[in-house]
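Down below is the structure, laid out as structure tokens.
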Amino acid sequence: MRNVSPWREPVPPDGTMGEPRARGRFGQYGGRYTPESLAQACREVDEAFRRAWADPGFRGALARLLAVHAGRPTPLTPAHRLSEALGVRLYLKREDLTHTGSHKINNVLGQALLATRMGRRRLIAETGAGQHGVATATAAALLGLEATVFMGERDIERQALNVFRMRMLGAEVVPVTAGSRTLKDATSEAMRHWVGATGDSHYCVGSVVGPDPYPWMVRELQRVIGEEARGQCAAELRTGVPDHVVACVGGGSNAAGTFAGFADTTARLVGVEAQGGAGASRGRPGVMHGCRSLFLQDDDGQITPAHSAAAGLDYPGVGPEHAHLRDLGRARYVTVTDEEAIAAAVRLARTEGIVPALESAHALAWVIRAAGDGDLPAGSTVLMTLSGRGDKDLSTLKELL
Ligand SMILES: *Cc1c(COP(=O)(O)O)cnc(C)c1O
């Protein structure tokens, strides 16, 4: 069917990375597995977002916020010295240069603007290491909203500085003492809290996960990465489109936003997961946090905890659209170890003068490995999203190096 809605991008005939099917389905994944009270709240978010996304007024206001507050557009940086050493042509999409230092700001500014449009006065969010919590607190402060951030007690101990940063920005940080006292439990608690507060609060999910419409909405809000990069590649590359498009995958939002700009091209899409958090590479179908997707599970179907030196990749699942892209074969998912990521971070620092987030270093680690073993043929052009800057990881790196 021909795509006629004004806000959608042209997509291939199978609709890859277009709108999900009815009830937020991406193939056999996605959906809205919530109690009725939350399903109703999700329907309201869905309706409000569809209207907003079709409204040039909303689009314009968001584009302006992204420009004047977040620093968009971000540059496309050719990695000259590293490219020469690897025998490929590597270009970095610099999300590390946004305000707050990662792509997460693209999503939260969009959802915060939507919340004000819906008449909500408060944002609810979950956070693991604090990156999404800080971005949410930032957007809330900017738009005059309150922010309540749920965070596992263990993460609060481990991430004292980010907890302080959220409080500095005026957010309330609520410790979660259930279960493993980390991200998975913080997410469950945030959803539970939202049930009793849907009238005045918007739940701001941090990645392309959760019940419909979140996976689709967050991908659309991150699409700006892929669209900017597409235009920049068109200007920079003789072929217009890179041979490979690479991004790291935790829940999968920076990858989904990047892939969305190239899904209708010949570019090969590669999502790089942490060895210990490889939902797309090693997960099995299941339902968690309101959606059906791929999750790391034991033989009884219990979710098994993820482990990664990169906090943002420490999630035992992946967004439903990535699960579908994997099944379709449109994108490929690979894993790298903590050690490979750390070595890649050092290499980028010393060849290009950029200290990447450990999450982003996973994507680079695969590029380095693939250039070495011929998976990336000599002379290939590679677009890689550098999802964030490494400042937050310096104390981890200092311990390990
Ligand atoms: C949170 C985070 C990620 C992982 O989240 P996605 O939703 O998979 O993009 C990756 N990189 C950085 C810098 C992050 O902060």
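Yeah, the Cβs are placed from backbone N, Cα and C, and that goes for glycine too.
When pLDDT is averaged over the domain 'Tryptophan synthase beta chain-like PALP' (70-388), the result is 96. Residues or ranges marked as domain 'Tryptophan synthase beta chain-like PALP' by TrEMBL: 70-388.
Mapped onto three states, the DSSP output places LYS104 (N6-(pyridoxal phosphate)lysine) in helix. Within the same chain, residues at least 6 positions away in sequence whose Cβ sits under 8 Å from that of LYS104 (N6-(pyridoxal phosphate)lysine) are GLN131, HIS132, ALA135, GLY206, SER253, GLY388. Residues annotated as N6-(pyridoxal phosphate)lysine in TrEMBL: LYS104.
Positions annotated as region 'Disordered' by TrEMBL: 1-29.
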